[in-house]
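Novice: Here's a structure for you.
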């Protein structure tokens, strides 16, 4: 299997026993020893088992290029590419609300760069938000070991600034001011739905 640049896909045994996804091809581990993806998956599993919410990670799309059929009943994929996801990382349902969000990590101490967010992802978030979905970015600053929920309604202002070539990133202070801090705890480690509760309350007031 190959990536879009033509380079072959190789398993990384140092990450999750050799498993690796395209959406987190540059997985960064925070001071607490787990990636944002792992923490989010553990939280989602806890929510599901506790009948709190049903939220899942969307599979990374793969484009199959070459298939060999050594036998009629068996197909062997000789060449395939990971495609750029057309939407966000996670979606689901929580207390009757549609939840849709992108999860990102950065090593930067002072800002979150916007160059790894794609136009079609923002367009998807915009469409979901216009349908009254609860849409946001979950951002972890690895070095600071801090996680924030940034609502789409706030993010779109920074995105417009980025597209207008005014500023290529969102500062930590801007995220702290416009987002919701998600503290670590015991179970689940990252209870981001508490921040979602605050977002739902705030947006219900803003949209009236």
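Cβ coordinates come from backbone N, Cα and C, glycine included.
Just lifted these from Swiss-Prot, have a look:
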type	residues	note
BINDING	87, 89, 102, 121	Mg(2+) binding site
SITE	104	site 'Transition state stabilizer'
Novice: What's the number of neighbouring CB atoms sitting within 10 A of the CB on residue 89 (Mg(2+) binding site)?
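Specialist: That number is 23.
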Novice: If we check Cα distances from residue 104 (site 'Transition state stabilizer'), which of the binding-site residues 87, 89, 121 wins as closest?
Specialist: 89
Novice: Sort residue 121 (Mg(2+) binding site) into helix, strand or coil using the DSSP assignment.
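Specialist: Once the DSSP labels are grouped into three classes, residue 121 (Mg(2+) binding site) ends up as helix.
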Novice: Can you tell me how many other Cβ atoms are located within 10 Å of the Cβ belonging to residue 102 (Mg(2+) binding site)?
Specialist: 25
